[in-house]
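What follows is one structure encoded as C-alpha cells, with my remarks underneath.
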Amino acid sequence: MYASLMDVGQTLAARLADSDGNGANDSGLLATGQGLEQEQEGLALDMGHNASADGGIVPYVPVLDRPETYIVTVLYTLIFIVGVLGNGTLVIIFFRHRSMRNIPNTYILSLALADLLVILVCVPVATIVYTQESWPFERNMCRISEFFKDISIGVSVFTLTALSGERYCAIVNPLRKLQTKPLTVFTAVMIWILAILLGMPSVLFSDIKSYPVFTATGNMTIEVCSPFRDPEYAKFMVAGKALVYYLLPLSIIGALYIMMAKRLHMSARNMPGEQQSMQSRTQARARLHVARMVVAFVVVFFICFFPYHVFELWYHFYPTAEEDFDEFWNVLRIVGFCTSFLNSCVNPVALYCVSGVFRQHFNRYLCCICVKRQPHLRQHSTATGMMDNTSVMSMRRSTYVGGTAGNLRASLHRNSNHGVGGAGGGVGGGVGSGRVGSFHRQDSMPLQHGNAHGGGAGGGSSGLGAGGRTAAVSEKSFINRYESGVMRY
C-alpha cells in the first residue's frame, strides 16, 4: 500500500499508487519516466532501470530496511488492540444493559460493528502485507479485504448522516411522536445493504497484479492487490467515493447542524425571562450535549479521511501529478491510509471523553474499577454521550416540560396567597392541588395524585390558614420532585 519514505522515485511510486487497497501495493519500488513502459491497461511495467530523478540508478530497498515498515506496523498493532477493546465494549454495553437500547445508541452500535469489521479483517491483513515484499495471500483475500473496507466506510458515513438527521428532528420538533425502535433497526439494516451494494465493485474488479523490479541481486516480480482495473476506472471510482463517502454526507450533516443551531438560538431568544434562566441551563444543555456527541463522531470521521481523499484526487486528476510526486505527497499518502484505519478505533475513545455513562461502563468492564451507580450521574451525564432511555425522553420533551413548570410555579405561588382564612384556605389548597393533579395526568410524571388531592381536601376543612400552608408545601414538594423528574423522564 505504501512507498518508501526515503528512497521513493518521482514516477513509479505515483503510478503504483493506483493499487492502494492493501499492504504492498507499491512496496517502495523506485523508478522515473525513463525505463518505464506502460501497456494499454497499465498492467505491464518495464522496470529494468530503476532511475533516480537525476538519472542515476537507485537499487530497490527491501521492505525490512525501511523505517516506516516498523512505524506503521506498530501503529496498526495499536489500532487493532484499541479498536477491538473499545468497539467490543460498546457492543457488550448495548446488549447487556437494556436501558442503553434506545434510538441514538442503536446507530452507535452499527458504527461499532462496522469498525470491528475492518479492524478484525483489514487491519491484520494490512499489517502482514506491510512486512512482506509481495502480496502473500490469494486473490479472494484481496477482494474480501477491499470489500470489507468499503462496507465499513459506507456504514460509518451513512450512519453518521442518519444520526445527525435524528438529532435534528428531536431538537426541532421535541413533541413529535417518538421514532420507534423497529424503524431505527430498519434504517440501520438498509444502511448496511446500501454499503454492501456500493462495495460490490471491489469484489468484481479487485485483482492481483504483477510488476517486475530490478534489485541489486537481479530481477524479481512483486505482486500487489489493486482495486482498479485501469486508469479510467480508477478516476471514476476515486471521484465517486470522494463524492458519496465524503463530500455529500459532509454537506448534509453540515446543513443539519446549521439549522439545529439556528433553531436553538431562536428558542433561547423567544423564551420568557423567568423560564429562560431555568430551561436554558438544564434542558437545553441536555440537547446540546447529545448533539456534541454526534459532532465528535462526525469531526473524527472527516479528519481521518481528509488526507486520503486529498491525495487520491490530486494524484488521479492533477495533470502533472507523476512529475510533482515527492516526499511530501508520499508522506501524505501514508498518513492518509493510516488515519483511514485509525478512524475505526477512535470512536470509542471520543465517546469515552464525552459520555459519563459509557465511561462508567468502560471502567467497569475493562479497568476493573468498582464504580457505584450514582443517580445524579444517570440524570445529567447520560445526555452527553451514550444515553439511557430516560435521558432521551427528557431531551425530546424538554421544551414543553420546562415551559409548563414555569407557569405551574407562578400558579401555585398565586394560589398559596389565598390561604388567609378558613374558607379561603380551602379554596387555595384545592385549586393548587387540582392544577398539580391535572398536569400529572397530561404528561404522565411519576408523582402521587393522592397526596396532591389530599392536601386540597385538608386545606378546605382544617380552618384558618390551613389552605395556604398546604398549598405552599404542595408547591415546594411538587416543584422539587418535578424538576428532578425532568431529567429522568
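Glycine too: its Cβ is placed from the backbone N, Cα and C atoms.
Quick look at what Swiss-Prot lists:
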- C142-C225: disulfide bond (DISULFID)
- N25: N-linked glycosylation site (CARBOHYD)
- N50: N-linked glycosylation site (CARBOHYD)
- N219: N-linked glycosylation site (CARBOHYD)
- 438-468: region 'Disordered' (REGION)
- 1-74: topological domain 'Extracellular' (TOPO_DOM)
- 96-107: topological domain 'Cytoplasmic' (TOPO_DOM)
- 129-143: topological domain 'Extracellular' (TOPO_DOM)
- 165-184: topological domain 'Cytoplasmic' (TOPO_DOM)
- 206-235: topological domain 'Extracellular' (TOPO_DOM)
- 257-293: topological domain 'Cytoplasmic' (TOPO_DOM)
- 315-333: topological domain 'Extracellular' (TOPO_DOM)
- 355-489: topological domain 'Cytoplasmic' (TOPO_DOM)
- 75-95: transmembrane segment (TRANSMEM)
- 108-128: transmembrane segment (TRANSMEM)
- 144-164: transmembrane segment (TRANSMEM)
- 185-205: transmembrane segment (TRANSMEM)
- 236-256: transmembrane segment (TRANSMEM)
- 294-314: transmembrane segment (TRANSMEM)
- 334-354: transmembrane segment (TRANSMEM)
Counting across all protein chains, other CB atoms within 10 angstroms of the CB of C225 (disulfide bond) number 26
Measuring Cα to Cα, how far is N219 (N-linked glycosylation site) from C142 (disulfide bond) in Å?
25
State the non-local partners of the transmembrane segment (144-164) in its own chain: residues 6+ outside its ends, Cβ under 8 Å from one of its Cβ atoms.
21-22, 104, 107-108, 110-111, 113-115, 117-118, 121-122, 125-126, 187-188, 191-192, 194-196, 198-200, 202-203, 206, 225, 227, 241, 245-246, 249, 252-253, 256-257, 294, 297-298, 301, 305, 340, 343-344
As a quick check of your reading of DSSP, tell me how many residues in the topological domain 'Cytoplasmic' (96-107) are helical, how many are strand and how many are coil.
9 helix, 0 strand, 3 coil
Using Cβ atoms and a strict cutoff of less than 8 Å, what residues sit near the transmembrane segment (294-314) while being 6 or more residues removed from its termini?
17, 20, 104, 111, 153, 156-157, 160, 163-164, 167, 238-239, 241-242, 245-246, 250, 253, 257, 321, 329, 332-333, 335-337, 339-340, 342-343, 346-347, 350-351, 353-354
What is the Cβ neighbour count of C142 (disulfide bond) at a 10 Å cut-off, with all protein chains included?
27
Six or more residues beyond either end and a Cβ under 8 Å away: which residues meet both conditions relative to the transmembrane segment (334-354)?
1-3, 5, 20, 68, 72, 75-76, 79-80, 82-83, 85-87, 89-90, 108, 111-112, 114-116, 118-119, 122-123, 126, 152-153, 156, 289, 292-293, 296-297, 300-301, 303-305, 307-312, 362, 384-386
Cβ atoms other than its own within 10 Å of the Cβ of N219 (N-linked glycosylation site), all chains, total 11
Across the topological domain 'Extracellular' (315-333), what are the DSSP residue counts per state (helix, strand, coil)?
14 helix, 0 strand, 5 coil
Using DSSP, how many residues of the topological domain 'Extracellular' (129-143) fall into helix, strand and coil, respectively?
7 helix, 0 strand, 8 coil
The topological domain 'Extracellular' (206-235), counted residue by residue under DSSP: helix, strand, coil:
5 helix, 18 strand, 7 coil
